[in-house]
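**Student:** Here it is, the structure, as structure tokens.
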Amino acid sequence: MNPNCARCGKIVYPTEKVNCLDKFWHKACFHCETCKMTLNMKNYKGYEKKPYCNAHYPKQSFTMVADTPENLRLKQQSELQSQVRYKEEFEKNKGRGFSVVADTPELQRIKKTQDQISNIKYHEEFEKSRMGPSGGEGAEPERRDSQDSSNYRRPPEQQQPPQPHHIPTSTPAYQQPQPQQVAQSYGYKEPAAPVSTQRGAPGGGGKRYRAVFDYSAADEDEVSFQDGDTIVNVQQIDDGWMYGTVERTGDTGMLPANYVEAI
């Protein structure tokens, strides 16, 4: 069925049909409501679903309103409502905005370093909680505990040097009286000599590790090293700490296990 023209009411055939403003028009009937100038789809302007030319398009006029106390109150109330809504939207969206950062190797290295620092801090807090409060001594028990743990591993390294001094300057037959002389001079420390001798043998050929990060000593019983340094005579203390010697500097002490890798 062919529709009727919105202006003349006659049937509009497809060859002369204009579909605009939700209505159907003849091309000749699609003109300005005021001056009757024929319009097309490029130069018409619609107002209340009626076509107008640019010159006769109805202009919107504004009425001046006096600033009465009631109008001022309504204006202030509208501004307050807008401000409340703005704050409400701000609080809802607070903390949600974030920017996507590319996962580069540098960021991965920084993230891994931060995780390792957090692991070290957790280890320190664990040592503090294990010792418990100690009155007015403050942080002294923590330092003493770290020194005790390092001194527990140090005797194999400290008692190892005296052994080579006796080996090249004496024959095996002459070396037999040495443990007896130590026993006579120290008495109760007699068992320490054979234990030290047994542990000193594998100490020189201990495990070797390579540093994968730079580390600065946070305590006097720790050692500092740089990325690529070789750590020798390494001994495992626990899951988080090791004891060894930095081959480049010759310093011996505790070091974090997650800063090195086995060679």
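Each Cβ is built from the backbone N, Cα and C atoms, and glycine gets one as well.
Because the structure is a prediction, the values reported are computed rather than measured.
These came from Swiss-Prot, pasted as-is:
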type     : residues : note
MOD_RES  : Met1     : N-acetylmethionine
DOMAIN   : 5-56     : domain 'LIM zinc-binding'
MOD_RES  : Lys42    : N6-acetyllysine
REPEAT   : 61-95    : repeat 'Nebulin 1'
MOD_RES  : Thr68    : phosphothreonine
MOD_RES  : Lys75    : N6-methyllysine
REPEAT   : 97-131   : repeat 'Nebulin 2'
MOD_RES  : Ser99    : phosphoserine
MOD_RES  : Thr104   : phosphothreonine
MOD_RES  : Lys112   : N6-succinyllysine
MOD_RES  : Ser118   : phosphoserine
REGION   : 123-209  : region 'Disordered'
MOD_RES  : Ser134   : phosphoserine
MOD_RES  : Ser146   : phosphoserine
COMPBIAS : 168-186  : compositional bias 'Low complexity'
DOMAIN   : 204-263  : domain 'SH3'
**Student:** Looking only at Cβ atoms, how many others are within 10 Å of the one on Thr104 (phosphothreonine)?
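**Tutor:** Its Cβ shell of radius 10 Å holds 9 other Cβ atoms.
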**Student:** Out of Met1, Thr68, Lys112, Ser118, the modified residues in the record, which is closest to the residue listed as 'N6-acetyllysine' when you go by Cα distance?
**Tutor:** Met1
**Student:** Given the model, what does the mean pLDDT over the repeat 'Nebulin 1' (61-95) come out as?
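**Tutor:** Averaging the confidence scores along the repeat 'Nebulin 1' (61-95) gives 83.
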**Student:** Fill in the CA-CA distance, Ser118 (phosphoserine) to Lys112 (N6-succinyllysine), as an integer in Å.
**Tutor:** 10
**Student:** Express the distance between the Cα positions of Lys75 (N6-methyllysine) and the residue listed as 'N-acetylmethionine' as a whole number of Å.
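**Tutor:** Cα-Cα, rounded: 54 Å.
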**Student:** According to DSSP, does Lys42 (N6-acetyllysine) fall in a helix, a strand, or coil?
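**Tutor:** Reduced to three states, the DSSP call for Lys42 (N6-acetyllysine) is coil.
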**Student:** Please report the Cα separation of Thr104 (phosphothreonine) and Met1 (N-acetylmethionine) in Å, rounded to an integer.
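**Tutor:** Cα to Cα, Thr104 (phosphothreonine) and Met1 (N-acetylmethionine) are separated by 66 Å.
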**Student:** According to DSSP, which of helix, strand or coil covers Thr104 (phosphothreonine)?
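**Tutor:** Assignment for Thr104 (phosphothreonine) reads coil.
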**Student:** Calculate the distance in Å between the alpha carbons (Cα) of Thr68 (phosphothreonine) and Met1 (N-acetylmethionine), and round it to a whole number.
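**Tutor:** One finds 59 Å between the Cα atoms of these residues.
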